[in-house]
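Report on the structure given below.
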């Protein structure tokens, strides 16, 4: 039994080694270059090869992005003073209209960058790129700054528009395309999601809006529709409804504000439908707040029209809010559990609403039946409000 287990272990180990070798060390470059170290990066099917020269503080590198479409740009960068995209010193491979690759350097200064050609904060005496059987490879020699050998690294790919790099996707792989590299020890590390504080603000924006427009607003509408049928809930249902919707609006305004800040800090990255729905939500929500101040008294002849308007706009806000939450989840692309959790909340609210809807109609129909039974026969419409019976007695 022990021999069988040892054999299985050896087979698994050999498969792992073979698989790793196929990804990294077994690759043959077209110029027959051999590098001292290679690592397979955690996402985007990318690999980094290098040879460090301690005598002059330079490193020869080859960055390989496997299986990338011929129409996409590819970039690998060191971030000398920071982490993530801002401040990255990039090596770029840009496809030309004739199918060749242009290799150049670009210093990234903002999220709206189009990776314009510029010099880096350290020397790059050699740079070139090639496309070999669907793998884009960037070759370069770097003069490492300040005698350092350990840096943060970033790698990306994206579409080309009008001959210039366009914004890359914001899928999970793109947001996690960063880490660390030490050219002496050969150690690399994953760096988590790209963006640092920017990603934190995106998550904050998503949570605030999911809680406000996507959860509290529907709950406030349910309070108004279902609690007011209970006589004991008067007038408490109204104040609960106002408190719930006011809280939702306040949290929603905070979420809307973070969205505006994200938009200004992410120049060149646009989510048009998500933004437009957000603007519409804020406008309709604000309109509801001001409409509350102009609410006619219950016996006013225009109150029925105000009620229709208030309910229509309210349900529109709820529908748009839920739609935009799902659009935001698609943009953030978090772990599946978060989307499933929100769907679970909506299903729970839907089940509760269905039960209360049935119970509400039961109460309303029961009351109408009881009111009909209480009307004395022959008194007609006058008896329905007590006026006819009293009038006859007075007469």
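Positions of Cβ are set from backbone N, Cα and C atoms, glycine also.
Between the stretches 277-294, 367-384, TrEMBL puts its transmembrane segment entry on 277-294. Across the domain 'Cytochrome b561' (164-365), mean pLDDT in this model comes to 86. Tertiary neighbourhood of the transmembrane segment (277-294): same-chain residues 209, 213, 242, 245-246, 249, 252-253, 256, 259, 306, 309-310, 313-314, 316-317, 320-321, 323-324, 327, selected by CB-CB distance under 8 Å and a gap of 6+ residues from either end.
Long-range C-beta contacts of residue 274 (heme b binding site), restricted to its own chain and to partners at least six residues apart, with a cutoff below 8 Å, comprise 324, 327, 328, 331. If you look at the transmembrane segment (341-364), the same-chain residues 6 or more away from its ends with a CB under 8 A from one of its CBs are 210, 214-215, 218-219, 222, 225-226, 229-230, 322, 325, 329. Taking Cβ-Cβ distances under 8 Å and a sequence separation of 6 or more, the neighbours of residue 241 (heme b binding site) in its chain are 220, 223, 224, 227. A simple way to gauge crowding: the CB of residue 310 (heme b binding site) has 15 other CB atoms within 10 angstroms, across all the protein chains here.
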